[in-house]
Each structure stands twice: as structure tokens, then as C-alpha cells.
Amino acid sequence: MTSKPPFKVADINLADFGRKEIIMAEKEMPGLMSLRKKYGAEKPLKGARVAGCLHMTIQTAVLIETLTELGAEVQWSSCNIFSTQDHAAAAIAKSGVPVYAWKGETDEEYIWCIEQTLIFSDGQPLNMILDDGGDLTNLVHEKHPNLLADIKGLSEETTTGVHNLYKMMREGKLKVPAFNVNDSVTKSKFDNLYGCRESLTDGIKRATDIMLAGKTCVVAGYGDVGKGSAQSLRAFGARVLITEIDPINALQAACEGYQVTTMDEAIKQGASIFVTTTGCRDIITGEHFNMMRDDSIVCNIGHFDIEIDVKWLDQNCVEKINIKPQVDRYLLKSGNHVILLAEGRLVNLGCAMGHPSFVMSNSFTNQVIAQIELWTKPGQYPVGVHFLPKKLDEEVARLHLDHLGVKLTKLNATQSEYLGLPVDGPFKPEHYRY
């Protein structure tokens, strides 16, 4: 640990290119830039040593530099072996922040990168965690429990990581206060929904150049990610089928005009493009591959690579041909082919550039606020999983309105009294679902 390299990226010479894109992204991330303006002078994160494990993209670079502007020391790894944008990693490494991330890591290199972020250059360990998916959280709890005593808290970005936190809590394994950033309204109802609506089809088209109009597509899961994915495919003229386990989500899909059926039935109806969004394992299996049309395209936009049985493809194919990075064509014994994108990992980050900067500003503003809450209010949040208050959620949204030219209507005193609401909010109860 003490002799670790100051950074490890694919090519430090990409830093200038990365910096140009970071400057452009800042203009599309008004929430983060507002936090810099508001808190930059007082440095509320001074003394915080934040270990981050989240997709090392241009947008994440703006997040990192917001944390450092607010006083934190930061070290970073990516939470997916294919999601790093190498020019972004290079730019952050050149700025002096230790980054350990490059596109195309092996699984072993991925763990090594996370390990590098635990101890800082002065020999002091991390005292804050910013995670996406739970790998950093689990690594510290399982392999480095001696570091937990100094950790003031963690903030978790995504649905999969939040499920992990609640599971840890139920089993008595969670040892630090945690913020569920994912279920802030300005995260899940924006990043998960509108982000996927733009980035899913971007990934599919960059990878395959396929025409979506007229195709029959399956979206497995109709949560926020599934909703955005289905809207995106439908907007291109595709016929979209939905699979679901939850009767409420299934009814929502049906009321939006989607046919809800099983994976087996969807394949029989001639589907040729398959997108998994569930966060669950074994959604598309060997049995399904054997039933599919020739050259069906299969991809995942859930967090981990467990939704598609890639191992079955590798073990049972006659031939596997790599068409280009993150695009593999498998020949099956039946004579049909399956085209797998991003090895079953996040297709929008593996085959494209992930979500746009503006929607990530919503998510990452929540992350920074959560880090400030945990760092500046020690003892206020007991060990457990917490949410940001509704007032802060509304403030995150408010910070993004001017950029879109939105003009809010304001309650007058009579209306405020009638509704029993403050003129400036919060406007909805905690249980309101949006």
C-alpha cells in the first residue's frame, strides 16, 4: 500500500483532451457548480479522505473536482471494468488526484484498483466512502474491517448498491451510517429514467448500427431503468415487450400500452433485441439463447453482469468472434448466432459514453450533499440507511431549473395557508411517490 503508484490510467497523454471535455461538461452540470460557488470558500469537507468507486467518466471528473473544491482529499477507482473514459481518468490523474481506472480492466485488476484507494499518500486511511454498486463498501467491511472505526459514513449511488446496504443492515453487517442517494427523487426519477432513455439506444446503435424501427424488443424489468429503456426503444419505432415479476410495475407497463409477457413468450413472438434492467440474476439463460432468432442482440443496463448467462455462451458456443471492443458474436450449435454487447455489463457505458452530463448533475449533487451531511454532522446519523430530506431533494431540482429556462409558479399566502404548505416548500410529504 505504501509504495503504490500515484495513479494508474491507460494513457496520461489523453489528459488535455479530457480537460477540454470536463470544461464543456461543467456548463451542463449546474447543480455541482452551484455547490462549488456556495461552499467553496468554507471548505466543509476539509479533513475528509473520500475513497470513491464510481464510473470514471467525464461527469464523474466534475464530481471529483467538486469534492476537492469543497476541501476533501479524494482517491478514485471505477465501479465497472468497461465504464472508464480514459481521457477523463487521465485529466483527473494529471490534476493530482490519485486515480486507478482504465477501460478494459480484468476482474483482478478491478479489485487491485479499489484496493489502491483505501490508504492515502500520507499513510492515513479513508474516512468516507462514495460508492456505486457496493463493491468498495463490501471490500472494506469484509477484508479491511480494521478501517471501519474511522469511517464517518458512506453514500451509495445505485439500486444494486442500495439493495446491498439493506441486506447488510438486516444481517447486522453494516457498521457505518449510509445515505441511500439512489432513492432521492432527483436521482432515481431522473438518472435512472431519463438518463437510460438517452444512453441505452446510444449504446446499442454505436455497437451494432442496427435500425430499431420495426424491430420487436424485450425489456426485462419495468422499474425506472426499464421505463426509460422502453421509452427509448419505442421512440425509435420498435415494438416493445416487457417482462416483470411485480404486479404493480406490470400494470403500469400495460397501462402505457406495452404488452407484458414472459421471456419465453417474447422470444416466440419474434423478439430480436433483448435488454435486461432488473438487478437480478439469470434473466436470460442458455434455454433462452437456444430459442432466439439468428443474430439476436442481447445487452444489459442493470449494474452487474449477472442478468445474462454469459458463462453459458462461452462454454456452449461453437465459435466466438470479437467484432470490435465490447461486441461479440457467438455461433451456437443450432447454427444461429447471438450478438452480446459489453460482455453482459452496462451497455450504455461499455459501448457508449453513459448518461448525459445534465442528468448526472442531479445525481452527483445529491452525492455531494450526502457527503457534507455525513462529514459535518458526526453522530447525527446512526448506523443504518438514511435518505436526504425532502427539502434538499427539492433544492437539487431547483438548482437545475434555470439551465432549462423553467419559471416556477409561486404560492401566495392564501394558497399556502389553504394547502398547509410553506411558500418555499417542501411541497410533498415523504411518502409521495412522484
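A Cβ is built for glycine as well, from the same backbone N, Cα and C atoms used for every other residue.
Keep in mind that TrEMBL annotations are predicted by a computer and have not been checked by a curator.
Over in TrEMBL, the protein carries these features:
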type    : residues                                                  : note
BINDING : Thr57, Asp132, Glu157, Lys187, Asp191                     : substrate binding site
BINDING : 158-160, 223-228, Glu244, Asn249, 301-303, Asn348, His355 : NAD(+) binding site
DOMAIN  : 192-354                                                   : domain 'S-adenosyl-L-homocysteine hydrolase NAD binding'
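Taking the Cα of Lys187 (substrate binding site) as the reference point, the closest of the binding-site residues Asp224, Gly228, Gly302 is Asp224. Within 10 Å of Asp132 (substrate binding site), counting CA to CA, the binding-site residues Thr158, Asp224, Gly226 contribute Thr158. A sphere of 10 angstroms centred on the C-beta of Asn249 (NAD(+) binding site) encloses 18 other C-beta atoms.
Here the Cα atom of Asn249 (NAD(+) binding site) is found 19 Å from that of Asp191 (substrate binding site).
For Thr160 (NAD(+) binding site) paired with Thr57 (substrate binding site), the C-alpha to C-alpha distance reads 19 Å.
Between the listed binding-site residues, namely Asp132, Asp191, Asp224, the fewest other CB atoms within 10 angstroms of a CB are found at Asp224. The number of other CB atoms found within 10 A of the CB of Thr158 (NAD(+) binding site), across every protein chain shown, is 27. Closest to Gly228 (NAD(+) binding site) in space, going by CA atoms and restricting to the binding-site residues Thr57, Glu157, Asp191, is Asp191.
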